Amino acid sequence: MCRFCTVQALERKVYEFIREHSLFAPRDVVLVAFSGGPDSTALAEILARLRSLLNIELLLLHLNHRLRKEESDRDEAHCVRWAEERGLPIIVERRDVEAFCRLKRLSLEEAARIVRYEVFEACRMAHGASCVALGHTLDDQAETVFMNIVRGTGLLGLCGMRPKEGVYVRPLLGVRRREIREFLEREGISFVEDSSNLDLRFLRNRIRHCVFPLLEEINPRVVEALARLSLNAQEALALREEKSLPLVQVHGGGGIPLDAVLLVPPPERPWLVRQFLREVRGTLWDVTRGQIEDILHLVERRKGEVVLPGKVRVFVQGGYLWASSSPLPLVDMPSWSFPLYFPGVHAFPDLGVVLEGRFTPFSGEVHGAVWREALDYEQCALPLVLRNFCEGDRMQWRGKERKLKELFEEWGIIREWRRLLPLLCDQERVLWIPGLALDERVRVQENSKSILHVELRRRKG
């Protein structure tokens, strides 16, 4: 009997969702956010049952926020015991969220969210995990979309959560919360209840326990209706971003020409700026519509500066729109070079980036992105290094061997930034300039046997 024939209905549904959205790749190490509640328990259980079918490894992560005293410790003990019973590895992290909340003067919800994602990223990098699996459900999606509507939102807010956002994946996003409860009860799987989920001081809880029961009296399928709205918004947003993405991909490593922005129809300009900021900051979280409008005013005036959260400066210089999280470096910045070994994850705190590389056989398809690329490893003169620009650097670009200095001038990268850009190089040439170009001699071909997938990410925290 084939392995898939023994998979139960909910497991099959999750498996098909994972395949549809390409959430995992073979041999991925998946870090599972595991609170011990029903959603994360179902996520861990289902992924454990599907891991051989998906060819993935699991690593559970429990974060004790220390917000509920004895109850938090009870949850931690339960999670450790639950994982041990199934032979699953688990990491336990403890953080004083209340102290962080007071220090940063944040709401408890916001402080907890920031701490969670900092822990997720730190553990993912420390243990070489490919992604972080979160237990968000279809109900969570509907609640998120509704909260955004109540607060006032545009198309981006109507999108809600996506199945895959960077290294974060949501395998249960197509599953109702009641399906999960039924699954756990039927299988006799233990979980814990978080009493804070009943605390009506939190907006999401008020919407979940007070508002949605009323909405379901009007439309019993309101959750599915809001989820469809989210999908429609995502499709509309994808079409808009598709128009602006080529311009960002060409100029994402440097500035965007002001004239190019002004050639875009006014209704499309905010999407272009959003794409640009996503490449610079790694996220659009906490960027407001008003800030986007301020940036567009810079473009129209051809001068000025806007400072975004995280001390990211967006400014106009030399006929280009720029964004930077640090002051402009010196033109005579000293040379630096770091050796690289793959597969593996390399963190560069001083540069504020993380470089990850892994090998896969050629599958017939290679999906490159602005900060992601695939190289024919056999064409590289080893060892590889990450270094900055040196005079005389060259690469094969559009059929010709070109000096990087000339390419930088064409791309509008000002002299002050050229030696700040990280370059992936072998012992003979520059192979990849993240966000800008790949040397054509290492581009993956049909006869390529060893494929190195590399991704450069901005380091959080």
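A Cβ is built for glycine as well, from the same backbone N, Cα and C atoms used for every other residue.
Automated prediction, rather than curation, is the source of TrEMBL annotations.
Listed features, source TrEMBL:
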type	residues	note
BINDING	SER35, GLY36, GLY37, PRO38, ASP39, SER40	ATP binding site
DOMAIN	384-454	domain 'Lysidine-tRNA(Ile) synthetase C-terminal'
Most Cβ neighbours within 10 Å: which of the binding-site residues GLY37, PRO38 is it?
PRO38
Which of the three DSSP states, helix, strand or coil, fits ASP39 (ATP binding site)?
helix
Which chain-mates of GLY36 (ATP binding site) that are at least 6 residues away have a CB under 8 A from its CB, listed by sequence?
HIS62, ASP75, HIS78, CYS79, TRP82, PHE191, VAL192
Under 8 Å Cβ-Cβ from SER35 (ATP binding site), six or more apart in the same chain: what's there?
HIS62, LEU63, ASP75, CYS79, GLY135, VAL192, ASP194
For the binding-site residues ASP39, SER40, which one has its C-beta crowded by the most other C-beta atoms within 10 angstroms?
SER40
Take the mean position of the Cβ atoms of SER35, GLY36, GLY37, PRO38, ASP39, SER40, the recorded ATP site. Which other residues of that chain put their Cβ within 8 Å of it?
PHE34, THR41, ALA42, LEU43, GLY135, PHE191, VAL192, ASP194
Kindly state the mean pLDDT of the domain 'Lysidine-tRNA(Ile) synthetase C-terminal' (384-454) in the predicted structure.
88
